[in-house]
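Notes to accompany the following structure.
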Amino acid sequence: MISILSRLSSFYSSYVLGVLTVGYILGELGHYLIGVTSKQTAIDLDYGDIACQMNTTMFERTELPEQCSAVTNETSCLALDINGTTYCEWNYNGLGIEYQILAGPTFILIFTIAGVFMGVAADKYNRVKMLTVCTVIFGIAIILQGTVKKYWQLVLLRMIMAAGESGCNPLATGIMSDIFPESKRALVMAIFNWGIYGGYGIAFPVGRYITKANFFNLGWRVTYLGTGILAILMAILTGTTLKEPERKAIAETNMQDKSGKKGNLWSVLKNPAMIMLMIAASIRHSGGMTFAYNADLYYNIYFPDVDLGWWLFCVTIGIGSVGVVVGGIVSDRIVAKMGVRSRAIVLALSQLVATLPAFGSVYFNPLWAMITLGLSYFFAEMWFGIVFAIVVEIVPLKVRSSTIGVFLFVMNNIGGNLPIFVDPVAKQIGYRGAIMIFYAGMYGISSILFLITCFMLEGKPKTEENTNKYDKDIEAHTRHIQGHDNSVFTGDEVPPYNNNLPVILTNNHLQKINGTDKAQIRESSRL
């Protein structure tokens, strides 16, 4: 099957992107299902907060003599009725510190630690084989989540699922960056990383409506069983139809700074621009995770009489997809004129524009909440693919996957764990106020940080004359972060001497050094 696909070279790269993206979507679907099935899962496994909540669609909220959420004890809750018909129940609502720990830290802890090791391994071993194994691991873990009987079992399986899914991003990013050219890099990264929001968006109808359908009398469990089985099928497809691409560019290993030290992972990570980019991405990720973990619960609590499942699906999948594509295209189009800095400018502006409608999505009633959510999503979802396009372009190939692993470690530990504070803050100022702070507020803060980051990155590409001049005094990872052309090419000029031996440039661009032909391979910064 591989040989057939290889012959269809013009379609193979798109096929690879499709397989990697679908696999990532299924992993993220398993990740975010807990946010939609949490109430049913909590009732079944006995965890989280218990509260008075509306349990019928017979009445509109405006018809209720007293809102369920205003009652704080079981007796008063069950006593509320309209003409003898009770409309409230005293039960688990899916929230509480147990839920926040289950949704965030237990997953993030393993996901981030394992992600670093996956990134390092991706720079050395066969990425397709590793990705296949990772997909099998998280697929089996998702299936087993549909069979649990205790809260601790669910926690343990989410950790195992996180270990498997941790390899998706660094492994797939390395594969794609070796297949696709720079002109398509941001768009490709955006499409792949949209898998996060694709899985999250699909979780709304799957978690709501399949659970309600109660297939085989399994309720919420069937959603996990089905997702895990599909993940196993994608693992088989990945392992049997994808091939390990040739790793491009080896010249970064020869890049040196003034002190003669070669560029390495530490020199990349300690650069101020990379540090600021990680902080900005972490804050933005926190806003996205807050909404992802709380959206379904939030709208169910504040608008229990309105079914917003399909609305949330359409906004996240439809409008979010358009935003992802537009962000990638805009970033790719202007980067050639303004340099890698242009990607950070797009990030800053998109998150700034998304901030105000994000506030509206948790302030207004259902209709305008969905309208403003759609507007916010269009601009907000530009960010993920562009961030990783920047990372790919500003680091040497030999530490590319390692850097992505560390980047994800930092971003997910900060961004993925900050939402745990939603619960204590909500108990002080209310659930809506907490969501506004940790969701929309983080968008605004990240836009400022991305703007600061853009001034630390290289601007408009320099001319060849300036580039050659700069190459004589290169400090690629100790002063500025530059974009790296991840391809191997011959140098147009060579130094006249090498270790006091004469160098002759032959017609086939080989050096004659002490009578031996050696290929002259150089990498210059794409400034």
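The backbone N, Cα and C atoms fix where each Cβ goes, and this holds for glycine too.
Unlike curated records, TrEMBL annotations are generated automatically.
Sequence-distant contacts of the transmembrane segment (12-34), counting only residues of its own chain at least 6 positions beyond either end whose CB sits under 8 Å from a CB of the stretch, comprise 5-6, 41, 99, 102-103, 107, 131, 135, 138-139, 141-142, 145, 158, 161-162, 164-165, 168-169, 172, 175-176, 179-180, 188, 191-200, 202-203, 206-207, 223-224, 227-228, 230-231, 234-235, 237-238, 241-242, 292-293. The feature transmembrane segment is assigned by TrEMBL to 12-34 (among others).
Sequence annotations record features per position, and here TrEMBL assigns domain 'Major facilitator superfamily (MFS) profile' to 16-462.
Summarising the annotation, TrEMBL assigns transmembrane segment to 99-121 (among others).
Listed by sequence, the residues of this chain that lie at least six past the ends of the transmembrane segment (128-148) yet keep a Cβ under 8 A from its Cβ atoms are 20, 23, 26-27, 30, 45, 118, 121-122, 154, 157-158, 160-168, 171-172, 175, 218, 221-225, 227-232, 234-235, 238-239, 242-244. Here TrEMBL flags 128-148 (among others) as transmembrane segment.
Look at TrEMBL and you will find 187-210 (among others) tagged as transmembrane segment.
The transmembrane segment annotation in TrEMBL covers 222-242 (among others). Counting same-chain residues at least six beyond the ends of the transmembrane segment (222-242), those with a Cβ under 8 angstroms from any Cβ of the stretch are 1-2, 5, 15-16, 19-20, 22-23, 26-27, 29-30, 33, 37, 128-129, 131-132, 135-136, 138-147, 175, 206-207, 210-211, 215-216.
Panel annotation: around the transmembrane segment (308-330), residues 186-191, 193-194, 197-198, 200-202, 204-205, 208-209, 295-296, 299, 346, 350, 366, 370, 373-374, 377-386, 389 of the same chain, lying at least six beyond its termini, place a Cβ under 8 Å from a Cβ of the stretch. Among the features that TrEMBL reports, transmembrane segment is placed at 308-330 (among others).
Residues or ranges marked as transmembrane segment in TrEMBL: 342-364 (among others).
The annotation transmembrane segment is assigned in TrEMBL to 370-392 (among others).
Annotated transmembrane segment per TrEMBL: 404-422 (among others), in sequence order. If you look at the transmembrane segment (404-422), the same-chain residues 6 or more away from its ends with a CB under 8 A from one of its CBs are 97, 100-101, 103-105, 107-108, 111-113, 115-120, 122, 166, 169-170, 173-174, 265, 269, 278-279, 281-286, 288-290, 293-294, 388, 391-392, 431, 434-435, 438, 442.
The transmembrane segment annotation in TrEMBL covers 434-457 (among others).
When Cβ distances are compared across the two stretches, the transmembrane segment (342-364) makes contact with the transmembrane segment (434-457), since 3 or more pairs at least 6 residues apart fall below 8 angstroms. With Cβ pairs under 8 Å as the measure, the transmembrane segment (187-210) is packed most heavily against 370-392, out of 99-121, 370-392, 434-457. Looking just at the domain 'Major facilitator superfamily (MFS) profile' (16-462), the mean pLDDT is 85.
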